[in-house]
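Visitor: For reference, the structure I am asking about is given below.
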Amino acid sequence: MTTTLQQRESANVWEKFCSWVTSTDNRIYVGWFGVLMIPTLLTATICYIIAFVAAPPVDIDGIREPVAGSLMFGNNIISGAVVPSSNAIGLHFYPIWEAASLDEWLYNGGPYQLVIFHFLIGIFTYMGREWELSYRLGMRPWICVAYSAPVAAATAVFLIYPIGQGSFSDGMPLGISGTFNFMIVFQAEHNILMHPFHMLGVAGVFGGSLFSAMHGSLVTSSLVRETTETESQNYGYKFGQEEETYNIVAAHGYFGRLIFQYASFNNSRSLHFFLGAWPVVGIWFTALGVSTMAFNLNGFNFNQSIIDSSGRVINTWADIINRANLGMEVMHERNAHNFPLDLAAVEAPSIKG
């Protein structure tokens, strides 16, 4: 009898927990994905803050020349970063228990792996949680599809690119100037500016900003008057009201006359689908481009494409970019190798004495 009661009580506790996790009445929805999301994002955040403030220098290139990234070792908010794990570690999984000591783990950049792995699991489960809440509320599932674009971009720079390059030391540093350094080195080694997928991403981000500004300004300029001149226009809208708060016909007529008729949407649903899809597709392409460049399928190379009748090169913009790439490649990791990899790969000319 006692055993039966205990089983029933434990079952009740589990059922209460399940109903609480999946309840849409909570102020913040937890969900089954949230059960994994919350601890992983908390772990990543706490470790990131501690490492950004106090982590000792990391031997990022694996040549016994540690690079300081934390505030306590002389950096500021702009220059500080969680430095990627050492090239000596490569792609090895490097949790704390794999190191001989905590000092060794810190020296080899262990916190970087801890942060990015927990962060990636956290954003994957956040995306799953978006789907889960949409499902519970009977909504369509496109919110998590839109969120998949930044998730794909983060996965590309933190996971796919290091795998393709053979070391987590090539991952993006977790800091402001570290991000810029990553971008410059990426351009030097992969010519990303000449990759069509990156061009699509630029069109997605800049175009999305333009369309967002256009839509916001058109709506704001065609609001239905509900207030006096002395009141804020925002008081003219009541949350949940059934009536349209702006005149889409007026906005359509304005923009159709400003450009031409068919450049203006006359359907609010197709308009908002377009506003969501444009930047998402662009960022998907950029993530795809970074993931292919990870395995050295690089941007277009039009260097020295034009020559005159005497065989002399007529420089184009591609040649200017190439010279800049070589200069950037020479300067980064300057103690790890003496020449850019492009130059080092060429056989030395034979000298006949």
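Each Cβ is built from the backbone N, Cα and C atoms, and glycine gets one as well.
Sharing the record's features from Swiss-Prot:
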BINDING   His118  chlorophyll a ChlzD1 binding site
BINDING   Tyr126  pheophytin a binding site
BINDING   Asp170, Glu189, His332, Glu333, Asp342, Ala344  [CaMn4O5] cluster binding site
BINDING   His198  chlorophyll a PD1 binding site
BINDING   His215, Ser264, Phe265  quinone binding site
BINDING   His215, His272  Fe cation binding site
SITE      Tyr161  site 'Tyrosine radical intermediate'
SITE      His190  site 'Stabilizes free radical intermediate'
TRANSMEM  29-46  transmembrane segment
TRANSMEM  118-133  transmembrane segment
TRANSMEM  142-156  transmembrane segment
TRANSMEM  197-218  transmembrane segment
TRANSMEM  274-288  transmembrane segment
Visitor: Over all pairs within His215, Ser264, Phe265, the annotated quinone binders, what is the largest Cα to Cα distance, rounded to whole Å?
Guide: 11
Visitor: Could you give the Cα-Cα distance between His332 ([CaMn4O5] cluster binding site) and His190 (site 'Stabilizes free radical intermediate'), in whole Å?
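Guide: Between the alpha carbons of His332 ([CaMn4O5] cluster binding site) and His190 (site 'Stabilizes free radical intermediate') there are 14 Å.
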Visitor: List, by number or range, the same-chain residues at least 6 past the transmembrane segment (197-218) whose CB is under 8 A from its CB atoms?
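Guide: Here the qualifying positions are 251, 254-255, 271, 274-275, 278-283, 285-286, 288-289, 292, 299.
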Visitor: Tell me, if you would, which residue among His118, His190, His198, His215, His272 (recorded positions) has the fewest other CB atoms within 10 Å in the structure shown?
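Guide: Candidates: the recorded positions His118, His190, His198, His215, His272. Fewest Cβ atoms within 10 Å: His272.
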Visitor: Measuring Cα to Cα, tell me the gap between His215 (quinone binding site) and Glu189 ([CaMn4O5] cluster binding site) in whole angstrom.
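Guide: Rounded to the nearest whole number, the Cα-Cα distance is 39 Å.
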Visitor: In terms of Cβ proximity under 8 Å, which residues at least six beyond the ends of the transmembrane segment (142-156) contact it?
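Guide: Contacts of the transmembrane segment (142-156) (Cβ under 8 Å, skipping residues fewer than 6 from its ends): 119-120, 123-124, 126-128, 130-131, 134, 276, 279-281, 283-284, 286-288, 290-291, 294.
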Visitor: Closest to the residue listed as 'chlorophyll a ChlzD1 binding site': which of the recorded positions Tyr126, His190, His198, Ser264, Glu333, going by Cα position?
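Guide: In terms of Cα distance, the residue listed as 'chlorophyll a ChlzD1 binding site' lies closest to Tyr126.
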Visitor: Here the binding-site residues are Glu189, Glu333; which one has the lowest number of other Cβ atoms no more than 10 Å from its Cβ?
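Guide: Sparsest of the binding-site residues Glu189, Glu333 by Cβ contacts within 10 Å: Glu333.
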Visitor: Using C-alpha atoms only, work out the spacing between His272 (Fe cation binding site) and Asp170 ([CaMn4O5] cluster binding site) and round it to an integer in Å.
Guide: 38
Visitor: Considering only the recorded positions Asp170, Glu189, His190, His198, Glu333, which residue has the minimal Cα-Cα separation from Ser264 (quinone binding site)?
Guide: His198
Visitor: Could you name the residues, excluding His215, Ser264, Phe265, of the same chain that surround the quinone site, i.e. Cβ within 8 Å of the Cβ centre of those residues, in sequence order?
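Guide: Other same-chain residues near the quinone site: Met214, Leu218, Ala251, His252, Phe255, Leu271.
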Visitor: What is the Cβ neighbour count of Tyr161 (site 'Tyrosine radical intermediate') at a 10 Å cut-off, with all protein chains included?
Guide: 22
Visitor: Expressed to the nearest Å, what is the distance separating Glu333 ([CaMn4O5] cluster binding site) and Phe265 (quinone binding site) at their Cα atoms?
Guide: 51
Visitor: May I ask for the distance between Tyr161 (site 'Tyrosine radical intermediate') and Asp170 ([CaMn4O5] cluster binding site), taken between their Cα atoms and rounded to an integer number of Å?
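Guide: Just about 7 Å between their Cα atoms.
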